[in-house]
Number of protein chains: 2
Amino acid sequence: MSRQMARPGGRSARVQAAVHEAVRELGAEVGRDAVTVPMVAQRAGVTPSTIYRRWGDLQALLSDVAVERLRPDTEPKDHGALSADLTVWAEQFLDEMASPAGRAYIRDALLGDPDGSNAGQCSVYAAEQIDVVLARAKGRGESTPAVETVIDRVVAPLMYRILFRPDGIDAAYARRLVTEVLGTTG
Amino acid sequence: MSRQMARPGGRSARVQAAVHEAVRELGAEVGRDAVTVPMVAQRAGVTPSTIYRRWGDLQALLSDVAVERLRPDTEPKDHGALSADLTVWAEQFLDEMASPAGRAYIRDALLGDPDGSNAGQCSVYAAEQIDVVLARAKGRGESTPAVETVIDRVVAPLMYRILFRPDGIDAAYARRLVTEVLGTTG
């Protein structure tokens with residue numbers, strides 16, 4: 001991911017911000033499948049070769065933009081108990097990822113990502129959010145499962161079904177996964 | 001998936017077989033990313049417009065070929081006990097899907113598949129294999145989890161980690177997932 005190489009505030013960061021914004025605007029205007037590198041370059045005020053040099057190709061650029069869009073804006077809300085915090089988080093995660101925009105971003109993140117670092121970043125975002133929820137629960141003296149267990153038992157089934165088995169996935173299913181994983185911590 | 005519309009033995013089925021074979025051969029010879037529709041058409045002895053009419057674009061064709069390659073050749077082996085059958089199946093599933101070829105096929109199946117039917121077919125294949133294992137165990141009088149539970153607890157974590165979190169995934173992890181899901185049927 002080129003994003004991590006950019007110094008905040010430097011020219012590199014400004015180019016990246018302008019290019020990402022151009023991709024988002026053009027995607028909204030003409031549809032994601034009609035976006036081309038020359039269109040993005042013109043809108044962002046850079047040359048196409050700047051984009052090719054930095055991102056390699058359009059798919060890699062779309063993948064970077066997708067990961068940026070999948071980054072959570074805020075910490076999970078505090079509802080005073082682990083089961084409420086994790087349930088609300090899982091419902092929201094399902095809502096966002098299963099939406100047409102969410103599915104498109106997940107696909108883009110998985111593609112144009114030969115070394116898997118963008119897909120990995122999506123998983124890091126989920127793990128960070130879950131970490132916040134679990135740390136808060138520990139602070140209250142609640143017993144908690146490990147973050148990797150929550151990934152296996154809640155995040156993985158949600159994401160697998162969104163990608164491979166979308167029928168019949170709903171908020172009740174997300175709630176059941178959370179109830180079951182919390183049941184195992186006794 | 002156009003495959004399901006083809007009458008076996010008809011012209012449509014022969015075209016499909018020739019085109020799929022051309023894609024597989026060319027993929028092996030020049031690498032998947034260098035394959036083009038005109039190359040495939042020439043090798044398969046059809047016109048490019050036949051391919052465009054039937055598959056729409058190269059990505060959709062690659063997606064169909066990928067699903068075909070992900071179809072299991074044989075039933076899961078019978079080792080005389082559910083835990084052995086499911087453990088061996090899960091280890092093999094991980095082996096195949098986490099291999100470079102497996103990862104490439106999964107990506108192709110997920111792409112070029114706007115309605116999700118190809119990705120869905122991959123999940124059907126896994127469910128069918130698990131069904132065989134569970135039916136056999138029931139025949140022996142063993143207690144078994146539901147197939148959807150095995151998907152949530154074994155297939156989903158394996159596939160999620162292959163796609164999003166590939167570090168540290170190994171046969172021991174696959175075995176642990178199986179032990180845990182069988183522990184719940186007590």
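Quick reminder: no glycine exception, Cβ is built from N, Cα and C everywhere.
For the DNA-binding region (A:36-55), the model's average pLDDT works out to 95. Positions annotated as DNA-binding region by TrEMBL: A:36-55.
Among the features that TrEMBL reports, domain 'HTH tetR-type' is placed at A:13-73.
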### Helix, strand and coil totals (DSSP H, G, I; E, B; other) for the DNA-binding region (A:36-55)
16 helix, 0 strand, 4 coil
